[in-house]
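Structure first, then comments.
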Amino acid sequence: MNKIINNDDFFLKINDIFYSIQGESSFAGYPCFFVRLAGCNIKCPYCDTKEALTDINAKLFHISDIINEIITYGKNIKLVEITGGEPLMQSGVYELINRLLNLKYTVLLETNGTLSLKNVPDKVVKIMDVKCPSSGFEDYNNYKNLNFINKNDELKFVIGSNEDYEFAKNFINANKNVINTEKIIFSPVENHFAPHILADKILFDKLNVRIGLQLHKILNLK
Ligand code: SF4
């Protein structure tokens, strides 16, 4: 029987494609090509990519055209981040991931942690949010995803309040036997939680976590 070809698997609604410095994660500081997919299934009050929350202004790209654009930037590019919005909302993301992996790119996937990671290839570096209370979407966390997080992946907690900090600390402690990565990031919400207060708390509690300070914003980049 012929396989039914679904066009959605070869096209993506894109908010933006750009080349910049990776600002977050353990790859912070490296040049990186970003593919920002349009649309998100939640609406965090502190979201700094509001333009990507819907597909109203998105452009439809064939996946081959996205790959060609990355290749055109030059062979020194090794790092590609797929982000959003929430990239796992679009089925075509898997075709993009697989083609990039076949071309030997290191692929980072930024995801809000509400949709299943089950079908994301192991080779992808998953940077998964665990939504804290101030997001308003704590109940949307898909906790089964912890089963798909391996030592190369990263967990990110966006901290907007003391309650968020306590939530993140308790979450790590309660799940220490399940969390398979040591790459855990606490990222303060800009203008809501002072980085130096977060640093003091981490030092006081002797947490083995990294502070994420959005290097791209410090550098005034996208
Ligand atoms: S999950 Fe990310 S993209 Fe979606 S609303 Fe929250 S911060 Fe914005």
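Sequential numbering from 1, following the chain as shown.
Glycine is treated like the rest: Cβ placed from N, Cα and C.
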According to TrEMBL, which candidate in Gly74, Gly85, Gly92 joins Tyr46, Cys47, Asp48 at the S-adenosyl-L-methionine site: Gly85
Assigned conformation of Tyr46 (S-adenosyl-L-methionine binding site) - DSSP reduced to three states: coil
Cys47 ([4Fe-4S] cluster binding site) versus binding-site residues Ile21, Gln22, Arg36, Gly85 - nearest by Cα: Gly85
Closest of Cys44, Tyr46, Asp48, Thr49 to Arg36 (substrate binding site), Cα positions, binding-site residues only: Thr49
Cβ-based isolation winner (fewest other Cβ atoms within 10 Å) among the binding-site residues Gln22, Thr49, Thr83: Thr49
Residues close to S-adenosyl-L-methionine site centre defined by Tyr46, Cys47, Asp48, Gly85, Cβ within 8 Å: Cys40, Cys44, Thr49, Lys50, Ala52, Leu53
